[in-house]
Amino acid sequence: MLVYLAEYLTQFYTGFNVFSYVTFRAILGLMTALMFSLWWGPKMIERLQMLQIGQIVRNDGPESHFSKRGTPTMGGILILAGVFISVLLWGDLGSRYVWVVLFVLASFGLIGFIDDYRKVVRKDTKGLIAKWKYILQSLAALVIAFYLYASADMTGETQLVVPFFKDIMPQLGGFFIVLAYFTIVGSSNAVNLTDGLDGLAIMPTVMVAAAFALIAYLSGHVQFANYLHLPYLPGAGELVIVCTAIVGAGLGFLWFNTYPAQVFMGDVGSLSLGAALGAIAVLVRQEILLVIMGGVFVMETVSVILQVGSYKLRGQRIFRMAPIHHHYELKGWPEPRVIVRFWIISLFLVLLGLATLKLR
């Protein structure tokens with residue numbers, strides 16, 4: 001929004017031209033989202049406590065989690081508000097890249113809100129029925145997948161980038177829709193499964209978003225894109241604003257979500273942020289790289305699949321409890337140790353993912 005005002009004011013003072021630079025607006029976007037989260041966080045926590053919107057803890061979970069019962073949840077609203085305000089202020093609202101991610105955040109955030117509302121307000125421990133949750137996620141993801149496929153006017157927009165191989169970028173054709181769908185829905189649910197300990201999901205989300213900010217910047221500049229053998233995507237640089245807004249809002253939320261948490265993000269936060277990472281990966285053609293950089297999310301998801309599959313096929317469990325972070329808790333690891341070690345793994349995987357941009 002302010003881009004257009006600055007563009008108009010440039011005719012009176014050329015210094016306003018600085019707002020045309022994505023990097024400058026990205027920094028402002030990060031700071032805006034961060035300060036918003038820090039400023040409104042205490043107010044939101046107080047409001048959630050007053051409304052008695054508290055976390056419901058399963059009786060069959062780790063005993064250490066019983067003390068979390070009643071902790072304010074649905075704090076993801078704070079993250080989404082910070083991201084939206086920041087992007088609307090500093091982003092180029094004429095960019096379809098921006099609106100695609102905002103649509104994903106809003107639609108998956110609404111699904112998560114309904115799920116949380118049923119759990120904490122209507123006291124329905126199951127929340128939104130899994131079938132309906134999946135249907136709604138699928139509808140939102142397919143809308144984006146079909147839109148991106150139909151609106152693609154450059155070959156790079158529907159190519160698949162394969163890490164480590166600079167000359168392997170096959171055209172996906174109609175399979176683009178399938179890949180985009182599974183990337184968005186899969187990422188959404190993977191982050192949701194990871195969000196089980198204080199700060200466990202938000203920090204890897206911040207790291208992956210920061211990495212995608214760099215990738216979006218490189219993909220939006222023809223010289224960098226050609227040098228690194230990335231698809232050149234004109235206008236993709238605006239995704240930098242979105243990514244840094246997620247980083248800022250996420251760090252601001254972590255201020256209150258770090259152990260012991262004062263607030264949880266709830267499904268309204270985890271489903272929307274996961275879907276946003278998936279959508280950004282699709283937009284910059286880095287679906288495989290998301291699997292690498294978001295390896296912690298993948299690990300958590302695979303642990304659940306293996307646990308359920310093993311129990312149904314053999315009647316035996318592989319882990320003491322799934323997702324896998326609970327397994328380590330039941331082994332006696334203190335919660336902060338599990339969290340920080342998963343953060344370290346996430347940092348390593350993000351750096352590995354960024355290294356693949358050059359290791360081709």
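In case you wondered, yes, glycine gets a Cβ from its N, Cα and C as well.
Database features (Swiss-Prot):
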TRANSMEM  21-41  transmembrane segment
TRANSMEM  74-94  transmembrane segment
TRANSMEM  97-117  transmembrane segment
TRANSMEM  134-154  transmembrane segment
TRANSMEM  168-188  transmembrane segment
TRANSMEM  199-219  transmembrane segment
TRANSMEM  236-256  transmembrane segment
TRANSMEM  263-283  transmembrane segment
TRANSMEM  288-308  transmembrane segment
TRANSMEM  338-358  transmembrane segment
Result, the transmembrane segment (236-256) in contact with the transmembrane segment (97-117) (3+ CB pairs under 8 Å): yes
Whether the transmembrane segment (74-94) meets the transmembrane segment (338-358): three or more C-beta pairs under 8 angstroms: no
Selected stretch (most C-beta pairs under 8 A with the transmembrane segment (236-256)) from 21-41, 168-188, 199-219, 263-283, 338-358: 21-41
Close approaches to the transmembrane segment (338-358) from elsewhere in its chain (Cβ under 8 angstroms; 6 or more beyond its ends): 163-164, 197-200, 203-204, 207-208, 210-211, 214-215, 218, 228, 230, 259, 289, 292-296, 299, 325, 328-329
CB contact flag for the transmembrane segment (199-219) and the transmembrane segment (288-308), at least three pairs under 8 A: yes
Intrachain residues whose Cβ lies under 8 Å of the transmembrane segment (168-188), provided they are six or more past its termini: 104, 108, 134, 137-138, 140-142, 144-146, 148-149, 152, 155, 158-162, 229, 231, 270-272, 274-275, 277-279, 281-282, 287, 290, 294, 297, 301
Result, the transmembrane segment (21-41) in contact with the transmembrane segment (134-154) (3+ CB pairs under 8 Å): no
Long-range Cβ neighbours of the transmembrane segment (263-283) (under 8 Å; 6 or more residues past either end): 41, 44-45, 48, 55, 68, 71-80, 97, 100-101, 104-109, 111-113, 115-116, 120, 127, 137, 140-141, 144-145, 148, 179-180, 183-192, 194-195, 201-202, 205, 208-209, 212, 216, 233, 236, 239, 242-243, 246, 250, 253, 256-257, 289-290, 294, 297
